[in-house]
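What follows is one structure encoded as structure tokens, with my remarks underneath.
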Amino acid sequence: MMRPLDTQTFPLQGVQLIEASAGTGKTYTIANLYLRLVLECQLPVPQILVVTFTKAATQELRARIRARLHEARQRLLSGAVCDDGDLGSLVLRATSGVVAQGTRLDAAAATALLDAALTHMDEAAVYTIHGFAQRMLTDHAFESGAPFEAELLGDEQNLRRAAVEDFWRRRFYGAPEDDVAWASAEWGTPEGLYRQIAALLGRDAARLLPEDIADIVQTLATRWATLRTGLIDAWAAEGEAACEQLRASPALNRNRYRAASVMRAIDALADWLGGNPSQGELPERIDLFTPAKLTLATKKGHDTPSGPLFDLCAELEALAPRLARARRAVLLREAVCFTREAVATHKRARRLLAYDDLLSQLDAVLSGEDGAALAERIRARFPIAMIDEFQDTDPLQYRIFSAVYAVADAAQPAETASTQPASGERAECARANALFMIGDPKQAIYGFRGADIFAYFKAQREAGEHAYTLTTNWRSGSALIDAINRLFGACERPFVFEEIGFHPVQASITADATPLLLNGVAPPPLMCWWLGHDAKPPRPSALMPSVAAACAHEIARLLACAEAGDACLGDRPLVARDLAVLVRDRVEARIVRTALAHAGIASVFLTRDSIFATAEAEALRRLLRAVAEPGDARALRAALATDLIGANATALEALNHDEATWESWLGHFQRAQMHWREHGFMAMFTQLLGDCAIAHRLLAEPDGERRMTNLLQLGELLAVAAGERSGFESLLRWLDARIADPDGEDEAQQLRLESDESLVQVVTIHASKGLEYPLVFLPFPWRVRAIDPDKANDDGKPFLFHAQEDETLCADLGSEARVAHAKRAEQERLAEDLRLLYVALTRARQRLYLSWGAVAGAEQSALAWLLHGGVGMIGQDEAAIRADLFRLNAGGERLELRELPSDRAVPLPPVDAAVRRARRFAGRVDAGWRVTSYSGLVADHGTRPELPDYDAVALDEVSSNPPARTVRDAFAFPRGARAGLFLHALLERLDFPQAQGEILAQAVRAGLQLHGFAADWQPAIEALVRQVLDTPLDDAGLRLRDIARTDRRDELAFYYPFAPLSSRALNTLLARRGSLALDGAGLSFNPLRGMMKGFIDLVFRRDGRYYLADYKSNHLGDRAEDYAQGNLAEAMREHRYDLQYLIYCVALHRHLRARLPGYDYARDFGGVFYLFLRGMRPADGPRLGVYHDRPESGLIDALDALFTGEAGGA
């Protein structure tokens, strides 16, 4: 049973397990426990062991621990020990009566302890797991038997690959031709065999199944020979009769047993029986001789042909794949065992150690006869150990710490472990030793690199009731925490295995200090695009570009809103680096980044991929080969053909006839070689970048910054390697080896970010662990790499799984229980995908974007498991799937569901690997087609463009200096676009019924600050808002104050197509229908066609009718009477707002007609309000500041017809 952890009373003794859910402050907790160990246990920092899994994590832990100790010291010196809920209490506990190590601490003693700890922090025992093992082996070399001068090997990939090639030569060179043909068909090359067994070569502890494969093969081979002999005898006895039944039996459907097919099958079987086929080889179409096939082809009312011959054929057909599977398993086992032994022999002979050898050697010593003595020395040196990220351990690592700290023997009753010392008693610091295992099994996502969740389960069982959990999430907003609690908490086994429970976390007191506000409102924490479909569920590959495009469009919208001040995190606008798109792999990343690029959004890709796996590594290898051997024409041509140089086939062909150009290129590479010899690699590399204009060429491409970063990182790594090697060939061999075996786990090899700018982050889920972002997009949660147990026997690839009975890691090479084992492997795959999903969802601070629907294969995804019980999703209709989604909303709105944009069927064009260069456009632009708006149609009328319309303000009005007013009121408020933007944003942000008191004051205060207006405008703007909301808009008393947030849409954008349109036709229609501007100048624009766009400030619903409104901050005068109907009409005519609202009316008319069943304009449309904000007064009602119109239905129908090109529109 997990208990909440309190860092002040947590027992500093024995073996304790701490589960730290995402965002609950794991590193913060480690730093606090470290502080207690220093103060209460008076342990010197070199005696407190902290182990984690990466070098970067050790650096972060050192920094955080140092900072915590320093902060505690400052608190003691200042006397302010109670200012911080945790830190102050920890320091106070250590200095107010608790006896530590027999000594009563006071402030001076505690300060001295902290001074000593900070002085010796460089000696702090903060290691990676491999660093710890190496230190123990080195410091105890005699006990461990470790070689004193062993060279540490970065990885074993090259050794393993060479060993597999050696196995292939020994096994197949000179082997029977059939064996060679079979191996070639199975694996093609030694590289193909290596790829199949690579995952097993680093898992020496994995049991290879079947273990009795030799006996199985012998049994199957004997059975094969017996069946073949029996079939030969049966053929002699009844072969002709059996063949005649196949040829002429009236019982058989001849569509299934066509004459030609039957004759080929008979001839093939006869040849096979008379020949000498290899074991497992079957004749063509032997299935036609099997009872199953015959039964399927038998007509109704007829007896199926039968006989011993047919039964024997069926047995042989069933035995063949079993024999092939066993034969394959034999060879795979031989290859794995040979390679393991060959690599080990090679390392011993050359005194090499791989990183995992450090762990294996330490484990071997601890398990040997001197193990107890070594364990005692390690415990004496490190009485206390904290293992960070413990969920990523494996059985070997756990066995080491279990042996040192005697985990199985350290369990004690929970009551003893949790008993805390009273004031004045001795602190229970170390019953001599303690081991704290800190991690989160829900975030165990590194199975591919050897982490084993079942090792965590074992530790969990052995820790017993000594298990604690952190209960407060300090990362995310309360609404998002609640949504994730509901998503995982509603599932009986949310992580498949019962050992991983889900304990809901609570929001911190600061969870909503910086909320996400869109148009002034906090949106639901989850937004999901609904992936509906008309026919069968679409394939993921067909849907991914459309979903990526939806993400890109939403990101563009958010950033545009942020520019306008309508998308904020607390008081600051949203910026691009606040948004992250999480992906599984480079395939997903490429699709997302392509969509972002098409939307004009720059992004960076954060992954743990190796720099040596990039195209730039291969291109640089060719370039350096040409530098090393400029006289080699093939090498030089290969270098010129890279996209670093950019010579195409035509240019390369031209070099055959252009000696001057060839000599010029040859000179470049000869000079580079000389520069390398005289000044070193980096000097040559820099010169080559300039001489060949590589930087100029790359940076001109869309992903040039990414590619240039890759090239420079490669240059730096090669410069370091060149300093450790002599000669060109040695360095090129080093580069060849890295390209052959890129290692993304080597931190030096991991791709760097190409830019420090504020760009949208595209991040693999694995790379995102430990990071957080305000907004997270998870576009493809339905893309799955499932294991199909039904196809396990057809797929010869080995796979890993854990045995059900003892959780031992196993590798199935081709066992008889392969289907059952594949089911177990699929269960483990789903469990890890659920952990990946948890990691992805918990990266978000404020909002998550997903997509969901009945996508092919989605029922096997982690999200389907949580929402629909996994395969229970199969057969559900769209309504049922939606209902499962909306269960997240029980008790509060947590989910917003949107339809995927309608253009999703048009996939974004893929970006070619060789980015296209700009070409001269030789076509013709159709000047008549364009995207236009009300502003475009009245451009010659003297109006200002609207993007969107934040009030048309004449240029002379903007540039003039209005007379100064001493009164701060609505009339005196500054004029122009900035004021209009502020007032629009403020009204969109407010929930009208709630906009009063402190809520209104806070919104106004934030808006004034954001838009750069003085704070002393606060009373005037609050008064203006109250007047706008409370003014009756019509004689019936309609007020904005009464419009709920659910009954309005702000800044409603629209696009609709329009047919060829001329100003003459539009003027004629408006004149005939009695437009407001009859007495004004007519419109004048060139004929055009295309799309009409616009932004309606407000669409709202009241009593079943729909209205549109536009906010106008135009300054018409300094008196309320200046906003009477006559002046409003003049302003409307001057700016042709009549045309604007007619265009808006057509947009809303079309929208309601498409969405509202039985829509009727006369019944459902309430009209238009143009609200001149400065002049609105509740006492005057609609008489001042409110322009109202409800165009007749005939005018709207006529405009609609004109825009669609229907006859009679004018």
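For all residues, glycine too, the Cβ spot is worked out from N, Cα and C.
What TrEMBL records for Asp1110 is active site, for nuclease activity.
Residues or ranges marked as ATP binding site in TrEMBL: Ala20, Ser21, Ala22, Gly23, Thr24, Gly25, Lys26, Thr27. A 10 Å cutoff on Cβ-Cβ distances gives Thr24 (ATP binding site) a total of 23 other Cβ atoms nearby, all chains included.
The Mg(2+) binding site annotation in TrEMBL covers His984, Asp1097, Asp1110.
Annotation source TrEMBL lists domain 'UvrD-like helicase ATP-binding' at 1-477.
Residues or ranges marked as domain 'UvrD-like helicase C-terminal' by TrEMBL: 507-770.
What TrEMBL lists as region 'DNA-binding and helicase activity, interacts with RecC' is 1-894.
Taken as a whole, the region 'Nuclease activity, interacts with RecD and RecA' (928-1210) shows an average pLDDT of 83 in this prediction. Marked as region 'Nuclease activity, interacts with RecD and RecA' by TrEMBL: 928-1210.
Note: the ATP site is recorded as Ala20, Ser21, Ala22, Gly23, Thr24, Gly25, Lys26, Thr27; in the same chain, Tyr28, Thr29, Asp440, Leu470, Asn473, Trp474, Arg475 also have Cβ atoms within 8 Å of that site's Cβ centroid. Under the three-state DSSP scheme, His984 (Mg(2+) binding site) falls in the helix class. Look at the binding-site residues Lys26, His984 and count other Cβ atoms within 10 Å of each Cβ; Lys26 has the fewest. Taking a C-beta cut-off of under 8 Å and a sequence gap of six or more, Ala20 (ATP binding site) has these contacts in its own chain: Lys26, Thr29, Ile438, Gly439, Asp440, Thr469, Leu470. Over all protein chains present, the Cβ of Thr27 (ATP binding site) has 19 other Cβ atoms lying within 10 Å.
Checking each of the binding-site residues Ser21, Ala22, Gly25, Thr27 against Asp1110 (active site, for nuclease activity) by C-alpha distance, the shortest gap belongs to Ala22. On a Cα basis, Asp1097 (Mg(2+) binding site) lies 42 Å away from Thr24 (ATP binding site).
Looking at Gly25 (ATP binding site) and His984 (Mg(2+) binding site), their Cα atoms lie 40 Å from each other. Taking a C-beta cut-off of under 8 angstroms and a sequence separation of 6 or more, Gly23 (ATP binding site) has the following same-chain neighbours: Asn473, Trp474, Arg475, Ser476, Val505, Glu772, Thr842. Geometry remark: Asp1097 (Mg(2+) binding site) versus Ala22 (ATP binding site), CA distance 40 Å.
Ala22 (ATP binding site) counts 21 other C-beta atoms within 10 Å of its own C-beta, drawing on all protein chains shown. Between Ser21 (ATP binding site) and His984 (Mg(2+) binding site), the C-alpha separation comes to 42 Å.
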